[in-house]
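Peer 1: Pasting a structure here, questions to come.
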């Protein structure tokens, strides 16, 4: 007889190898066929809503690791909420307007922009955006992200644009929208204004100059001919100078040096003297800043007046304490210039070239004008010092080229009238991490008006008409009419029709006696697009609600979407569009460096999915502390793949060992399970509670470690290890075997559900092998519930103590193995000399302790004092390990002196002989 045939070995079709790159697309195909998203929504209908509102990625290019991190985190939350008592719809979105698409067409696609109308160019932009959406959609779906992919929201869709117009109109009605000429961030490389959110800082080398302005009218405080010293790193703005700002409360000195007298802040004399190179100098007069007001100096190049003004923005951090002021090129300059009635002079055009308002420099690119301007200052004797510095300077986030401040006529959203409401809304929102609140609060507190106009083609037009007298027209009637036109035809109609055709029929206005109108040519900042999604998506879609429960984006969105969304929402509704905001860090390479093509360290999601599979990428997301910056590399992914393998192998072992188990008739009631089996269910209860709480708190790394540890420690290295001696060896219906199978079944079912939001492909693959479930997918179930287990606290304490004793036994066996006393642990003979506590513990355990230790012989040999000298000492007592006497049983591989006692089965121990005789002999 072949005794192998009498062993109940595991049987499962669940493969050992994941083969995820090939298997996942098949699983996703099944999800598509069954329309899993709709099935989940139908199942959870009527439950409390949980809405995670998708911040729209920009529709350009392949997805990168930042996208993958973001979408997978969202998917964890939506999936876990729909398994935790909520109705959790997820509508993905795309941001589709703006410069990158224009640039992609004109640069890469060789579109001749100047040879077509605006409307024709915009049609090409729209086509391109849709192509990009399709590409990204396929990549997001490949990640296993579940959502309403057939009905996403897209900012270029007519229904979205129509609602955006309503948001603009409502803000205009409340007086928050105005047109004004003031300095804004201007990108010569994009030929457009930029919002603060579109600025990033990079180091730049700039000239650093000290310039003397001669006093023309000292107002009896200064002497004519004395020189006020300014410092600037933008010589190109000197032609635009109209004034000099000083701080009213600072002390200023007249310093005699080299035959001239110079005016500067007293606190900065030494640093200025050193920078300019005064050999010896002395203070001949001091005066308060406020006494210098209205003094008139002379512009060093043009001889015009330069007025001394008082400004609280002046500091002694650097420079001279006398600040060169060009109202057309700086925010503080503009504000103080308005106060003192100065013109807004801006001698730089949209391409960054000097205009005729800068005589002698017209036509020069502003940066190239620095040198000739400095040379002219030197010729006039006004240049005191030229040097160069490297400093952090604002750049256009798209073109990576420097920006300037440039005064132009722009449309603005003013937040000053509702800033307090905004700050209150920030305080009422739940922020994770908590520092997010401070970050956004300070941004809003310190923020100026928001420049919302852009001088580009691809975007939502600013819905403003102009009367013949130049008066802008924004009324309820015009806004509603334009909104309806956009809903019906899309915003391209604005560029296809004349103003009169876009106005309501019979529209009249006192400013247009001849009935003629023109329309605004600028478009809206793209942040106004996505910032209106709370109205266009949350409010408008029947399956969603405003406010959303959660916005979840990268930490760069405090200045972006989190900011624009709350600004428009509070302006229109008085409330934040979200109850909670969660932010994540950036994806870096394995060494913590930013990914860049030049470094060659870019990790691409598609490559990871082709090599490892989406579930490995998702498990990586679960493993990291995502609220900070996260690292990803081949080596890191290989470590994650090992954890995946452990989880998968656990599934396979548990499933293989319940092949002949029918829960309806074979399950043992929980109170009738052996204590060691109850112990595993108690540990499973703890895991269920821990994992559910972690999903609730978005703490996915806790789940990653908890599930891995449970599989590796409680199951693999303890329970599943000694289980083999029961589930393989005993007869099919043995109570101990059915007891363990009951635990295997409960545990496997719970584990598959617990891990399903993180590893949806693997969980559903395992689910498809279950014969005892009615649902087509694990996604159509809820998180497992904990079981009531009698005397759980006492059982857990008892077996936790036992595990400490077992650790000592394992160490003793390891030492004996190293000393060649034994080979495998299963052939060992153990003699324990336990301390009082361990002795009491051993006598309280009803199970076969020898089986729990997986050894052939076990004896309790009295007290520690009775132990022989060669015994190993541990905290729980002393242990002697020897080779068990006897022969090895052919069937259970344990050593016994009783092998062959049954003459029919001379190779078996009495236990195995009894099983074979009773259950396997005809």
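Even glycines carry a Cβ here, placed using N, Cα and C.
What Swiss-Prot shows for this protein is this:
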| type | residues | note |
| --- | --- | --- |
| BINDING | 553 | L-isoleucyl-5'-AMP binding site |
| BINDING | 597 | ATP binding site |
| BINDING | 889, 892, 909, 912 | Zn(2+) binding site |
| MOTIF | 57-67 | motif ''HIGH' region' |
| MOTIF | 594-598 | motif ''KMSKS' region' |
Peer 1: Any idea what DSSP makes of residue 912 (Zn(2+) binding site), helix, strand or coil?
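Peer 2: Helix, per DSSP.
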Peer 1: 10 Å Cβ neighbour count around residue 553 (L-isoleucyl-5'-AMP binding site)?
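Peer 2: Excluding its own Cβ, residue 553 (L-isoleucyl-5'-AMP binding site) sees 22 Cβ atoms within 10 Å.
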Peer 1: Any idea what the Cα distance is from residue 889 (Zn(2+) binding site) over to residue 553 (L-isoleucyl-5'-AMP binding site), rounded to a whole Å?
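Peer 2: The separation of the Cα atoms works out to 61 Å.
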Peer 1: List, by number or range, the same-chain residues at least 6 past the motif ''KMSKS' region' (594-598) whose CB is under 8 A from its CB atoms?
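Peer 2: Long-range Cβ neighbours of the motif ''KMSKS' region' (594-598): 64-65, 586-588.
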Peer 1: Identify all same-chain residues not among 889, 892, 909, 912 whose C-beta atom falls within 8 angstroms of the centroid of the Zn(2+) site's C-beta atoms; report them in sequence order.
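Peer 2: Nearby residues not in the site list: 729, 890, 891, 893, 894, 896, 899, 908, 910, 911, 913.
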Peer 1: Just give the helix, strand and coil counts over the motif ''KMSKS' region' (594-598), going by DSSP.
Peer 2: 0 helix, 1 strand, 4 coil
Peer 1: Would you list the DSSP helix, strand and coil counts for the residues of the motif ''HIGH' region' (57-67)?
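Peer 2: With helix first, then strand, then coil, the motif ''HIGH' region' (57-67) has 3 helix, 1 strand, 7 coil.
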Peer 1: Return only the integer: C-alpha distance in Å from residue 909 (Zn(2+) binding site) to residue 553 (L-isoleucyl-5'-AMP binding site).
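Peer 2: With distance taken Cα to Cα, residue 553 (L-isoleucyl-5'-AMP binding site) is 64 Å from residue 909 (Zn(2+) binding site).
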Peer 1: Rounded to the nearest Å, what's the C-alpha distance separating residue 892 (Zn(2+) binding site) and residue 553 (L-isoleucyl-5'-AMP binding site)? Just drop the number here, would you?
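Peer 2: Rounded to the nearest whole number, the Cα-Cα distance is 56 Å.
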Peer 1: Name the residues of the same chain, 6+ apart in sequence, whose Cβ is under 8 Å from the Cβ of the residue listed as 'ATP binding site'?
Peer 2: none
Peer 1: What number of additional C-beta atoms lies within 10 angstroms of the C-beta atom of residue 912 (Zn(2+) binding site)?
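Peer 2: I count 25 other Cβ atoms within 10 Å of it.
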Peer 1: From the Cα of residue 553 (L-isoleucyl-5'-AMP binding site) across to the Cα of residue 912 (Zn(2+) binding site), what is the distance in angstrom?
Peer 2: 61
Peer 1: Taking the Cβ of residue 909 (Zn(2+) binding site) as centre, how many other Cβ atoms lie within 10 Å?
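Peer 2: Other Cβ atoms within 10 Å of residue 909 (Zn(2+) binding site): 26.
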